[in-house]
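Inspection log for the structure reproduced underneath, given as structure tokens.
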Amino acid sequence: MAFRNEEDKKAYWSENLALLAKLLVVWFIVSFGAGILFVDILNEIQFFGFKLGFWFAQQGSIYVFVALIFVYMAKMNAMDKRYGVDEE
Amino acid sequence: MDVQTLTFIIVGASFALYIAIAIWARAGSTNDFYVAGGGVPPVMNGMATAADWMSAASFISMAGLISFMGYDGAVYLMGWTGGYVLLALCLAPYLRKFGKFTVPDFIGDRYYSQTARTVAVFCAIFVCFTYVAGQMRGVGVVFSRFLEVDIVSGVVIGMVIVFFYTVLGGMKGITYTQVAQYCVMIFAYIVPAVFISMMVTGHILPQTGFGATLADGSGVHMLQKLDNLSVELGFNEYTSGTKSTIDVFFITFALMVGTAGLPHVIVRFFTVPKVHDARKSAGYALAFIAILYTTAPSLAAFARVNMIETINGPEMTGTSYEEAPSWIKNWEQTGLIAFEDKNGDGKMFYSGDERNEMKVDRDIMVLANPEIANLPAWVIALVAAGGVAAALSTSAGLLLVISTSVSHDLLKRNFMPNITDKAELMYARLAAGVAIVIAGYFGINPPGFVAQVVAFAFGLAASSFFPAIIMGIFSKRMNDKGAIAGMISGIAFTAAYIIYFKFINPAANTPDNWWFGISPEGIGTLGMMVNFIVAFLVYKATDEAPEEIQELVESIRYPKGAGEASAH
């Protein structure tokens, strides 16, 4: 099945870009934000025996990264269905 | 049984398994050889990608690096996993839809330019060779320590094994072998980490044990103790680093962008039949990678505490060299640990100031860790098998990219367009054979600057491939001239900076002389920006990409009609 019309096609791409932008903002905040730029401030907070900034840099950011890819997968699959362009 | 015999048995059994799989999954066509016929299930592909991604460097060296760097080690953890996110979100789905085998194929077609393709082929081959030489070295180190053969025999054994299943099996064989290698590798990594975590903090999960209180009932947190120990011995506090914030930022970014541009990982996404499945296998792959990457920092911290306590003794006054545990003597033979009794008291002492009497190579931390913690012999043998699996799986993937680049991109697309499928396959195998011999040579005679060359490879990928691919997908109008000018200026800038500080004037390689305080390891980020800016300016001054190219870009943005990966 192809796109129903040109507008749908445009809407699909801009929705795709909006999703990417949101996910990449989270990606940036947990790694470069919490893990690097604000690490000293966050280190004042204790988190299960870790300094929070240190935890983000060596553990937390990685968990968020995995979650991001699965969120992306679910959202894109749902979007494909909504636009009638999924492959099944 | 002693460690020696157990190592023979466990490593030998894992080899037998890999070879059996290679025979079972022989490649029959170029399609099988390059992309496994496009028919690998997502979970399997995820494991294979993870095995491909996690090299001997991840398995053997990374925890050791973190152990010595403390907080600064996060650049590798975030850089390598965060780069994967970029790859999965911004590159993989579109390259899969594009449906060609290689990155140079994409660059060549998207920028309708043979020059661009050729530049990309040479970059890909260079990046892969840099990597593969390091992997072969890794195999050699593991063998020479655990099988007690010299390093030359170690490398040769590794070459024969890799040659056998790369050349015979192609991508199809490699994919299934890598699934097995992932399992061996992750098991070998987790088992000692769990053992040590339980011994030190009583937590089964190393990820939580790392922040927990010590099991000795003192109520002190593990990391607190490590910080105190580090400061006492004249090191920096473990949980805060020594690098400047801007440098950490730039290095992390360069590693992320550099890994996202690694050709041997991108090609993985072509081996799944549907865009839908490509997304799913990307998710699985990072989850599988994360298991090792979240264990590594805790292993690093535990290993550091254990090592300091074993060498300096519980009273922190040093321990007698005469009664040193066997791991110190064993590793002394390889030259990776050295003891010099400076104050003549016959006791070993490790510190970060003038009291220090030990030289400990950071590469031994993972391999020596089970011995330091007095774990059973089979765990030590298992770690050896894991290290070999990590090195073999990555070298096989890299060799495949090298052989594909030569036979497909260089011969078929450049010099011999009329070549038959069968002849192409033969050339691919021939190229893999030649590549192994060259890689083996560098494994036996490593250039003294391996670490520098690796920094070079990341910087190069960051400043060349990544911007060209991103613009190729997200800008319809970007033209050939812009992309080529961008790639060349990005590479030239990055290469010049690295070559100056690493080779021409290494004495000047200090933060005072760096531009904006950015080290050569992080300069790829700036190179990437140069690439983007130059590409944009040149594009503005020239014509936009032709209509049919804009349609091609349009077509890769939508999932519909993504067929099997096809030759052309």
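Note: Cβ is positioned from N, Cα and C throughout, glycine not excepted.
Per TrEMBL, these features apply:
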- B:6-25: transmembrane segment (TRANSMEM)
- B:77-95: transmembrane segment (TRANSMEM)
- B:116-134: transmembrane segment (TRANSMEM)
- B:146-167: transmembrane segment (TRANSMEM)
- B:179-200: transmembrane segment (TRANSMEM)
- B:248-270: transmembrane segment (TRANSMEM)
- B:282-303: transmembrane segment (TRANSMEM)
- B:375-404: transmembrane segment (TRANSMEM)
- B:425-444: transmembrane segment (TRANSMEM)
- B:450-470: transmembrane segment (TRANSMEM)
- B:482-503: transmembrane segment (TRANSMEM)
- B:523-539: transmembrane segment (TRANSMEM)
The transmembrane segment (B:179-200) in contact with the transmembrane segment (B:6-25), cutoff 8 A, at least 3 CB pairs, sep 6+: yes
CB contact flag for the transmembrane segment (B:77-95) and the transmembrane segment (B:282-303), at least three pairs under 8 A: yes
The transmembrane segment (B:482-503) vs the transmembrane segment (B:116-134): 3 or more CB pairs under 8 Å: yes
Contact call for the transmembrane segment (B:146-167) and the transmembrane segment (B:6-25): at least 3 Cβ pairs under 8 Å, seq gap 6+: yes
Positions whose Cβ lies under 8 angstroms from the transmembrane segment (B:425-444), at least six residues beyond its ends: 27, 29-30, 33-34, 129, 132-133, 135-137, 139-140, 151-152, 155-156, 158-159, 162-163, 166-167, 170, 395, 399-400, 402-404, 406-408, 411, 419
Spatial neighbours of the transmembrane segment (B:116-134) far in sequence, C-beta under 8 Å, 6+ residues away: 55-57, 102-105, 107-108, 262-264, 394-395, 398-399, 401-402, 405-406, 409-410, 413-414, 435, 438-439, 442-443, 446-447, 450, 453-454, 456-457, 460-461, 464-465, 468, 480, 483-484, 487-488, 491
